[in-house]
Structures are given as C-alpha cells and as structure tokens.
Amino acid sequence: MTNIRKTHPILKIVNDSFIDLPAPSSLTSWWNFGSLLGICLGIQIMTGLFLAMHYTSDSATAFNSVTHICRDVNYGWILRYAHANGASMFFICLYLHVGRGLYYGSYTYSETWNVGVLLLFAVMATAFMGYVLPWGQMSFWGATVITNLLSAIPYIGTDLVQWIWGGFSVDKATLTRFFAFHFVLPFIISAMVMVHLLFLHETGSNNPTGIPSDLDMIPFHPYYSIKDILGFLLMLTALSVLTLFSPDLLGDPDNYMPANPLNTPPHIKPEWYFLFAYAILRSIPNKLGGVLALVLSILVLAIIPLLHTSKQRSLMFRPISRFLFWLLVANLLTLTWIGGQPVEYPYIAIGQAASILYFSIILILMPLAGILENYMLKW
C-alpha cells in the first residue's frame with residue numbers, strides 16, 4: 001500500500017516540500033538560513049499574537065500597556081524581549097540568506113530572487129512599524145523622520161505624508177494604523193514565503209559549485225532535516241541568551257522615555273539592522289536624492305540578475321569577484337557603524353565614500369570583474 005503522505009492531497013504537498021524533496025548533495029550550512037527564517041517568522045507571529053492580546057494602540061496608553069506587559073502579565077517580559085530580539089535574529093538570518101544568494105549566484109533563479117526582494121521590503125516595513133508601537137521617544141521620532149521622507153516626492157509629497165499620518169503630525173491615528181499593518185503584514189509575508197518556495201521548487205536548489213546537480217540528489221529528509229535542526233538549536237540558543245541575559249543590548253535607551261513631541265532626542269537613529277540604509281540616506285545632502293538612494297540601496301538587489309556577466313554562476317572559483325564580495329560585506333559593516341554616529345566630520349565623509357563604494361561594487365565593479373574573469377579563462 002502506498003504511504004498516505006504520498007497520496008493525501010494536503011500531506012502530499014508537505015511531503016514534496018519537506019520530506020521527499022530532491023536536494024543537491026553538496027549543500028553547506030549556508031543553505032540553513034531559509035528554514036531559520038521560517039522559524040523566526042513563526043516565533044515572531046506567536047509572540048506578537050500574545051503581545052497583541054495585551055497591547056493597546058492608543059497614543060495615551062500604548063507606552064503604559066507595554067510596561068504593563070513587562071510587569072504584570074505572566075511571562076510578559078519574555079514575550080516582549082523575545083519579540084524584540086527575535087526581530088534582530090530575523091534580520092541577521094535575512095542578511096546572511098541574501099549574502100549566500102549573492103555569493104553562490106542563486107539570483108539567477110530570477111523569480112525566486114525577486115519574490116525574495118519583495119519579502120525583504122515587506123519584512124523591513126513590518127519591522128519599522130513594529131518599532132513605532134511601544135511609543136517611546138525613538139519610536140515617535142523615528143516614525144516622524146522616516147515618514148517625513150515621503151514629502152520629498154514632488155507635487156504629492158506633503159499630501160501623501162499627511163494621508164499616512166492621518167493628521168498634521170504623527171499622532172493617535174498614525175499609531176493605530178501602524179498597529180493594524182504591523183499585525184496583518186506577517187500573514188501576508190507568510191503567503192509570500194509560500195510563493196517564494198513554489199518558485200524555488202520549480203527549479204530546485206542551487207549548490208555551492210553553481211553547476212547543475214540533477215545527477216547527484218538526495219532526499220531532504222533525513223539528511224537536511226537533521227542539518228536544519230542543528231541550525232535551529234544554535235539560533236534558539238543565541239536568541240535565548242540575548243533575551244535572558246542582555247535583552248536591551250540592541251535597543252535604544254531613549255525608547256524607555258514616553259514619546260514627547262516637544263522634545264527631540266539628540267541622535268535620532270533606527271534599529272541596528274537599518275543603520276546601513278540610514279547612513280546611505282544621510283550621506284546625500286539633497287532630500288529627494290537621499291530618499292532615492294535609500295530605496296535603491298535595497299532595490300538594486302532586483303537588478304543583480306541582469307548584471308551577471310560571468311560564464312560561471314558561483315563565486316567559488318572567481319577570486320577577483322570574491323574579493324569584491326568581501327569588500328562589499330566590509331563596506332556594509334562600515335555603513336552600519338556610520339549610521340549610528342552623529343552627523344559630523346569625519347563620519348559624513350566616511351559615509352559618503354562608503355555609499356559611493358557600495359553602489360560602485362554592485363553596479364560597476366562586479367560586472368567588470370565577471371568580464372575580466374571570462375577573458376582570463378579565455379571563455
């Protein structure tokens with residue numbers, strides 16, 4: 001008799017996605033991050049759901065409701081900090097997942113890649129709106145500064161900002177709508193993840209060599225399911241240590257002060273995972289130019305499949321491109337550091353140099369390196 005998992009309409013989908021899925025035999029731990037992101041999303045939805053049961057999205061009570069969760073709700077403190085630090089783990093996994101895709105040329109599966117870029121935008125939007133909800137000083141001023149960037153759009157900018165705010169400043173209406181969107185977006189993200197996996201399973205996974213692996217496939221379970229469980233344990237350990245020992249390590253102390261529209265914090269900055277984009281935004285003196293650079297810093301990922309000039313897929317056997325890739329990583333770390341510094345010399349100059357280098361590597365140097373490597377191999 002055929003196993004029920006191979007015949008049942010629903011179990012068959014699960015079977016073909018997670019059990020009998022043919023996977024390349026050479027996948028390294030860099031392929032763990034997709035499943036880790038799934039776990040992160042699950043943790044965020046679960047903790048977020050329980051937080052939403054006690055949170056009130058009203059500007060008069062939001063800050064106090066978060067304090068109430070931490071002090072009075074059973075294990076509310078662990079829910080709150082697991083949710084806040086879970087977002088950090090989510091972004092660490094996201095950036096490593098994208099980095100893996102860039103290094104091994106996974107972006108040549110353009111449908112999967114472009115759904116992934118949309119997912120990145122959706123997760124960033126969700127995280128931004130979530131940061132506003134505790135209604136502390138940095139929440140309020142972060143929301144004010146970032147939404148105000150839309151006023152740089154010619155002609156409709158000011159009207160658009162006031163439409164998003166629901167008034168003439170960030171206030172009660174803004175908080176309520178941000179909570180509504182923050183609640184619903186993770187479910188939209190879950191649907192997009194299914195589309196992401198659908199496109200991935202049309203082509204099968206890439207592998208470290210970048211060479212088609214149709215001749216050498218192994219079943220996902222037990223080989224990669226066991227490998228993924230090790231990743232889960234390591235990530236959950238890291239999240240637990242962060243949540244239980246230093247829950248405020250990655251947060252901003254200003255957010256423990258209730259939002260005050262009359263008092264601006266000395267340094268307005270977003271959470272650490274947005275600092276690289278914030279540094280690019282600040283490095284351009286013109287408002288519209290800065291906003292365009294901010295959007296393009298992420299949107300540039302969408303055109304990477306068009307910029308692939310090499311005859312090889314992976315960077316594994318391309319030393320010049322590999323050097324540029326690690327230069328890009330170092331550059332992003334530099335931008336992250338600059339984003340957290342005050343706007344003064346020499347940080348402005350370093351930020352501008354790093355921003356120019358960021359776009360130069362992706363748009364100019366990497367494609368040229370691909371052409372050069374083809375020439376060196378006489379291809």
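Using the three backbone atoms N, Cα and C, a Cβ is placed for every residue, glycine included.
Model, not experiment: these values are computed from the prediction.
Pulled from Swiss-Prot, these are the features on record:
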type	residues	note
TRANSMEM	33-53	transmembrane segment
TRANSMEM	77-98	transmembrane segment
BINDING	H83, H182	heme b b562 binding site
BINDING	H97, H196	heme b b566 binding site
TRANSMEM	113-133	transmembrane segment
TRANSMEM	178-198	transmembrane segment
BINDING	H201	ubiquinone binding site
TRANSMEM	226-246	transmembrane segment
TRANSMEM	288-308	transmembrane segment
TRANSMEM	320-340	transmembrane segment
TRANSMEM	347-367	transmembrane segment
Fill in: When distances run from the Cα of H83 (heme b b562 binding site) to each of the binding-site residues H97, H196, H201, the nearest one
H97
Item to complete: Can you grab the distance from H196 (heme b b566 binding site) over to H182 (heme b b562 binding site)? Cα atoms, rounded to a whole Å.
Response: 21
Practice prompt. Tell me, please, if the transmembrane segment (77-98) and the transmembrane segment (178-198) are in contact, taking contact as 3+ Cβ pairs under 8 Å between residues separated by 6 or more positions?
Written response: no
Discussion item. Are there residues at least six beyond either end of the transmembrane segment (320-340) with Cβ under 8 Å to its Cβ atoms? List them, or say none.
Written reply: 99, 102-103, 269-270, 272, 274-280, 282-283, 310, 347, 350-351, 354-355, 357-358, 361-362, 365-366, 369-370, 372-373
Item to complete: Measuring CB to CB from the residue listed as 'ubiquinone binding site', give everything in the same chain under 8 Å that is also at least six residues away in sequence.
Response: D16, S17, L21
Discussion item. Using a Cβ cut-off under 8 Å, which residues of the same chain at least 6 positions beyond either end of the transmembrane segment (33-53) come close to it?
Written reply: 69, 79-80, 82-83, 86-87, 89-90, 93-94, 96-97, 100, 182-183, 186-187, 189-190, 193, 228, 231-232, 235-236, 239
Fill in: Cβ-Cβ under 8 Å with the transmembrane segment (178-198): same-chain residues at least 6 beyond its ends
17, 38, 41, 44-45, 48, 52, 55, 57, 112, 115-116, 118-119, 122-123, 125-126, 129-130, 132-133, 143
Practice prompt. Residue list, the transmembrane segment (288-308) vs rest of chain: Cβ under 8 Å, 6 or more residues beyond ends.
Written response: 98, 102, 105, 107-108, 110, 113-114, 117, 120-121, 124, 149-150, 152-154, 276-278, 280-282, 355, 358-359, 362-363, 366-367, 370
Response to the item:
Quick note, H97 (heme b b566 binding site): same-chain residues at least 6 apart with CB under 8 Å of its CB -> F33, G34, L37
Worksheet item: 10 Å Cβ neighbour count around H196 (heme b b566 binding site)?
Response: 21
